[in-house]
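Everything on this sheet refers to the single structure shown next.
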Amino acid sequence: MLLSQWLLTTCILISSYVHAADQFKPKVVRTESTGWFNIYPFDDSKVILKNEDTFLSISDNNGETWRPIEGINDVRWSWIDKLYPKTRAFANSKVGNKIYMTDDQGKTWTTVKINEKEYSNGSKSELSCNLISHPTKPEILLAECYVCDYDEEQSNGSITKRAVSSLFDNFLNSIMRDPTCRNEVFISTNSGKDFTKLNIDLKEREESNLLYSTLNCQFAIASKQSKNTETDSTIYCTRKHFYGQKFNDKNEADKTYLVSSFVKTSNWGKTFEELPELKGYLVNYFEAFDSQLLVITQDDAYNRHSTQKVWISKDFKTFKEAHMPTQLRFMINGLISEDSVGRLTMPILRTNPDKKDSSDKNEDNKKMHHTDSVVSDILISDSRGTKFTFIEWMNSNDVTYRQISSFKYLKGTLFGHTQEYPNLGNKGPSFEMILRSKVSVDNGNTWSNLKIVDPENKSKYSCNIDIPESCSLNIMSMFGTPDFITPGIMMVNGAVSDGHHASWNETKTFISRDGGVSWKLAFEFQTATAFGDHGNVIVAVPYDPESDDDPQSEFYYSLDQGTTWTEYQLEKTILPMQLISTTPDGSGLTFILNGLSMDSTGGSRWRWNDKKETNFVYSIDFSDAFEEKACVDSDLEKWYVAGGNCINGAKYRFDRRRADSKCLMRKIYDDLAYTEEICEKCSDDDYECSYEFVKDSSGKCVADFELLSLSGSCAKAKNGKISLKPKQRIVNTLCKVDMKIEDVLVPCTEVDSPENPDNIITVSENKFDSALLTYKYFDTASDESLLMMTLDNEVYVSHDGGKNIKKVNTNREKIVEIVFNPFYSKDAYLFGRDGGLYITHDRGQTFTKSQLPETRQLGLKLEFHATKQNTFIYYGGKDCDSMFSEKCHAVAYITTDGGETFSEMLNNGIHCKFSGSTFKDPYNEDQIICQILDSSNGKKKLVSSTNFFKSDSQTETLFEEVIGFMSTGEFLVVALPHGDDELRAYATLDGKEFAEANLPKDLSDIKQESFTILGSESGSIFMHLATSQNIQGEFGRLLKSNSNGTSFVSLESAVNRNSAGFVDFEKIQGLEGIVLINVVENTDEVERGTTKTKKLKSKITFNDGSDWSFINPPLKDSNGKKYTCSGKGLKKCSLHLHGYTERNDIRDTFSSGSAFGMLIAVGNVGEHLLPKDECSTFMTIDGGATWTEVRKGPFQWEYGDHGGILVLIPDGSESDTLLYSTDFGKTWIDYKFAGEKIQMRDIVTVPRDSAMRFLIIGQSNSIRGGTTTVFSVDFSKIFSRQCVYDLDNASNDDFEFVSFNPVKNQCLFGHQAEYLRKIHTDCFIGSAPLEESFRIVKNCSCTRNDFECDYNYYKANDGTCKLVEGLTPSDPKDICKKNPDAYEYFKPTGYRKIPLSTCVDGLNLEGTSSPLPCPGKVEEFRKNHKINGRSFSLLFILPFLILLGIAWFIYDRGIRRNGGFSRFGEIRLGDEVIEENNVDKAVNNIVRTGLLLTSSVFSGLQLVKRFIGKSFQSLRERVTGRRGPSYTTLFNDQFLEGADDLLEGHDEDANDLTSFLSNDNNFDIDTEDDGNTFAPFREEASEEDHGPVTGDSSNNEEVSS
């Protein structure tokens, strides 16, 4: 009976309790607000701050009621001090030098000010500051301030706004846009009562060159847990000075110079000292962590995108460089984190540093690409911080956002998250994406997918959740996710998928109770979530109120750890902006929901409420849940992190409430506690690979020879091997008994070799399973990115010069071609076999996919617009079921959105050119010139349009029949058929006027069957006309035009070419006027066909082709022996080089545009050029004047660091060794870079030859090419410092100016030039602005060499310039259009100055006519030429009147009254004349004297004329033996130089200038002998050593009839 009554009573009590729990609702209090605000709760209290507009409010009851803080009404933003979250807060005032501070949870506030004299530079200044507290001494404050100077006309408010924006923007980018702003750091030791500026000065250069400076400081003690033994007063700082020019976002290379220093103070900033180990390094960033100090240095002072090094100090005193698996260039400074054992996680930015800024006027270029977004890689270090590795599964080349998240109470647990957009187009992001998420519970050693364990909802998923490898949860993003202060209870938004596709619409809310290992569905929509009572109370608010099919807003709450949910309807419709727990430690029961009021307009659309009450604050209180019952031990369960496995040598146990317990923990303000159970025995998880080892694909630690080399371990090796432990214990792991790690024997044969002391050269090796078809670098300074395509039609990308190589994801589509944009060097296009077009605008960092028109790919090269990045032309075959189909024809398609869409532009178009974008002065900037193929007869015609061929009215036929056309420099050259199997060339500079290329008269009998355009770098066209086309006997005439391409002169008559039209012709890059050619000596034998072996000889010119000579040979060979032909003269003993026609890769030029004066070539010394395998390798460092032999045998070469590093590999043979030189070729060192010999194929580096990394490509010899091995050889550590580049202080830098002209004081292009060259060999050049390294020492006086025939004029036989028949002179008024400041022009004389000439004064042939006023500039013309009345009177009228009066007086008194002029011839000196006074006598004496002088001069001239005439006649008769009339011819060498400065010696008819020289007073006649002044070479070279030289490749574009 008693038992039954007890049971009944108990059941009633339980029933009532359950009923009460079911009826529970939280206490919700709503307050309204008129503006935007943010909420900041103090820890362990009910006090909350609200920053609303400019006011600060406070609540003492978890947000139920609010009151304004009196006296504070100018707040810009506020924050709780993270080091003292229970008491301290700051509020930044709109008045920049004022900050409000509280140390008692807002009860009282003090005003902190920085005295203006501390930060003002004498001008008006405003500043905005952020205060940082000392971790252990709250009275110590650092103020990081951004100071902006302004003048009286500027408003303080705008200045403050700029300073404030700098706090939230990257400061460097901000200050680049506004150099009037700077940052400063101040310190206070008395809680902000006064501040002192930290003064750290760097005086490396003149302050006038200082662009701006930055200062960043941090307390040495990072937190109360810091292991730093420095004193509390220690502060680290880095000061950076930027000199030079302001950053320009349109250019990737910044013309700035960085000077920085890393210092510390141990007395609150009174004195500073440099950290000696980092002295001389460019410190870019630093951060003090609890267990280590991290410093990042920049390698190149002239390139803010240069490689960086990471330095780690565990004792905060000595530093060790950390090994990075890739070049470190872009990082997210400030987001580097440290875990409990000292591992560092480092996100690396892959941003687009080349993006256009808003000032770019080209709308096409301003379209935003996805590549402007951040794409990151994640690196993680070992526990010692000295070796970083990639998280391999996160590597991808799609548009990817990567993130690693860890949480304080989940020891050893990491979440990895990526969002990829593989099909993202240029028009904006797509909602289609690939999500991938993984979890690791062992510090990242192993990773697994996020399992879905949710059998009751299994049917709601699109994949089989029982197979987590292909169906798992992928988190949308963990940015903004709360720091789960719970024992393993978590909620996220994500989508369940196979990892290949996801959509925002599929995103739902999921919950986990085991630390993120397994998950189940919570809501079928996205929510914002918050936790209370350490996870026992959960609140979730839908982002979209209609997501639950209910238009009214609501929140959901769970009191059983997410097992069940209860809905709470809100009275107002809101957009949730903020949901937080009022207790930051997660222990409380009250939440704040901040939402914007919204009005429904039907459906799922919402708009802002127009009323002022737009903001609501909801206080949600769960204090009464479960009738305030607190949990007891029986309500708890034990839960272990990572399933109870040892993490860092310990197990971590939480005593958490069971999900079904009807109670709350109610330990308000108690931090979440766990029990640490030390593991007895250590396991593999307590060890990591030793420094010299890395994990292979199976997880085994294997030796890495690069790391082995860096460690120096092999210094102790015996017999070439060393015994090492492959694993080491993780720092700070807590396990007690160590594992036994067996030593392994590691070979050291390739480490610490004599040729690689101190491990200064590092090598990385990668293998491909097939041969490489093509490989090419992007030509940028941002990084060393290149694309490689294999024989299997797969594309790979590397961003660090081949050290790390990743496959480009094309969804298994084969790639048939890679095309680079020649005008935008970071752009490339991959053409897929199935019509896919993969586009990168950021050097292969990311690719987007587009679709080509549904046509057959013809393989015709794309045509790009020179100024519009997204505009190009693609050629596709239409109606091409078969390439042999009669209907198959080409169509030119155009895109203006970067390949996103294409439109048909021109039917039968096979070759187009955006000519209007390439001409210097186009007649229409929108002009396109296209070649059309008539499939019916195979003929081609040339047409142009100015509106993409949209209308016939703007389409013009230029030539009815052409063979082809090409562009070179500023010219466009068209080849037309002429007669039988001949052609003619026409050139244009503007796309409208075409002029026929007039060849020298002696070529009139030669058929023009084939010519090759060789380039126009010097303003004239170099052209090769084939004069012999016998098989294996091809050669021809080398010609050069004037600057408008209308007339040519001959340079050399038998220059070698091959059957493909390539010519042995190479201009030396970077130097003016130096060209190398090979000529055929046995032309008669070759033309007759009696031999197929051409005897080639090499020649060089130093004046752009005017004079040629054989190349001087070295005195001795590389073995110190004399050549057998020595002493026989240059004709029998000169240097001969293998040229352009024999190259496997036309990019392998003799020279480099950045290594001035250096050339390397393969050749021989003798009478003729020998086969390559009988040759040696030579180099020169003075532009080709003198040469040295480097080694016997042929080698391939490459230049690095602008010639500071030279590398050679054997050409075409097996080897494992390279040669390198760092002293301009004076000494060479052998270095073994491979473990075994491989077939050498190529050596390459960046196009600018500025890097210190080289890529060597080797290949096996199987049928399909077998495997390919690429070696990335890094010389970056070979130099101890960067060269000092300071042209203003020549005595203190590492450069000097040198001349490469072998004839001193000789002028070319009107000047004498010098080039900058590095002096010392212990430094590297890097990105120093060597474009300024060319200087003109002297501008020469103008001579005939500096003029050429004007547009539509040609050089006649008499040497003068005459108008081409049928053409008219160019409109002289064009100068008025091209130069808005011009007010006058001259009529054309037929001559104009050569564009490259800088001559001054001297001969003037182009402006001898009288000036005429420009249209609309008559008044300005008159103003500059007229003389005013007074000046005219003084200068002309008055003197004229005086002279007239004197003349009349003399005539009247001395001539008229003595008989007049009729007696003039009769008067004798003694005759009587009228003399009445002294005046008459004086006048008569003047008349007598004038008469005597006139008579004497006239008589003398007659006698001399008669004598000279007779003498000359007699001499002529004696010499010629005949009599006849004689003619006087004006002759001078100066005038006989060619119309394009090359006539002398090339046109024997151009020697009569009589018709031209109608007024010889117009010219200076130079009578000096012009001789062969450009042939300075001696028969024997001197004994002194010489080094290398480099040059430019020619266009070598051929047109044949």
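The backbone N, Cα and C atoms fix where each Cβ goes, and this holds for glycine too.
Some features that Swiss-Prot has for this protein:
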COMPBIAS  352-369  compositional bias 'Basic and acidic residues'
COMPBIAS  1577-1587  compositional bias 'Basic and acidic residues'
COMPBIAS  1591-1601  compositional bias 'Polar residues'
CARBOHYD  Asn121  N-linked glycosylation site
CARBOHYD  Asn156  N-linked glycosylation site
CARBOHYD  Asn457  N-linked glycosylation site
CARBOHYD  Asn505  N-linked glycosylation site
CARBOHYD  Asn1044  N-linked glycosylation site
CARBOHYD  Asn1289  N-linked glycosylation site
CARBOHYD  Asn1339  N-linked glycosylation site
REPEAT    838-849  repeat 'BNR 7'
REPEAT    893-903  repeat 'BNR 8'
REPEAT    1220-1228  repeat 'BNR 10'
SIGNAL    1-20  signal peptide
TRANSMEM  1431-1451  transmembrane segment
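Fewest Cβ neighbours within 10 Å among the glycosylation sites Asn457, Asn505, Asn1289, Asn1339: that distinction goes to Asn505. The two recorded residues Asn1044 (N-linked glycosylation site) and Asn1339 (N-linked glycosylation site) have their Cα atoms spaced 24 Å from each other. With Asn1339 (N-linked glycosylation site) as the anchor, the candidate glycosylation sites are Asn457, Asn505, Asn1289, and the one with the nearest CA is Asn1289. DSSP assigns Asn1044 (N-linked glycosylation site) to coil in the three-state reduction, outside any helix or strand.
When secondary structure is read from DSSP and collapsed to three states, Asn1339 (N-linked glycosylation site) falls in the strand class.
Using DSSP to sort the residues of the repeat 'BNR 7' (838-849) gives these counts of helix, strand and coil: 0 helix, 5 strand, 7 coil. When Cβ atoms from all protein chains are considered, those within 10 Å of Asn1044 (N-linked glycosylation site) total 28, not counting its own. Taking the Cα atom of each, Asn457 (N-linked glycosylation site) and Asn505 (N-linked glycosylation site) are about 18 angstrom apart. Taking the C-alpha positions, the distance from Asn505 (N-linked glycosylation site) to Asn1289 (N-linked glycosylation site) comes to 64 Å. For the repeat 'BNR 8' (893-903), the DSSP counts in helix, strand and coil order read 0 helix, 4 strand, 7 coil. In the predicted model, the repeat 'BNR 7' (838-849) has a mean pLDDT of 87. Helix, strand and coil counts from DSSP across the repeat 'BNR 10' (1220-1228) read 0 helix, 2 strand, 7 coil.
Annotation note: Asn1289 (N-linked glycosylation site) sits in a helical segment as assigned by DSSP.
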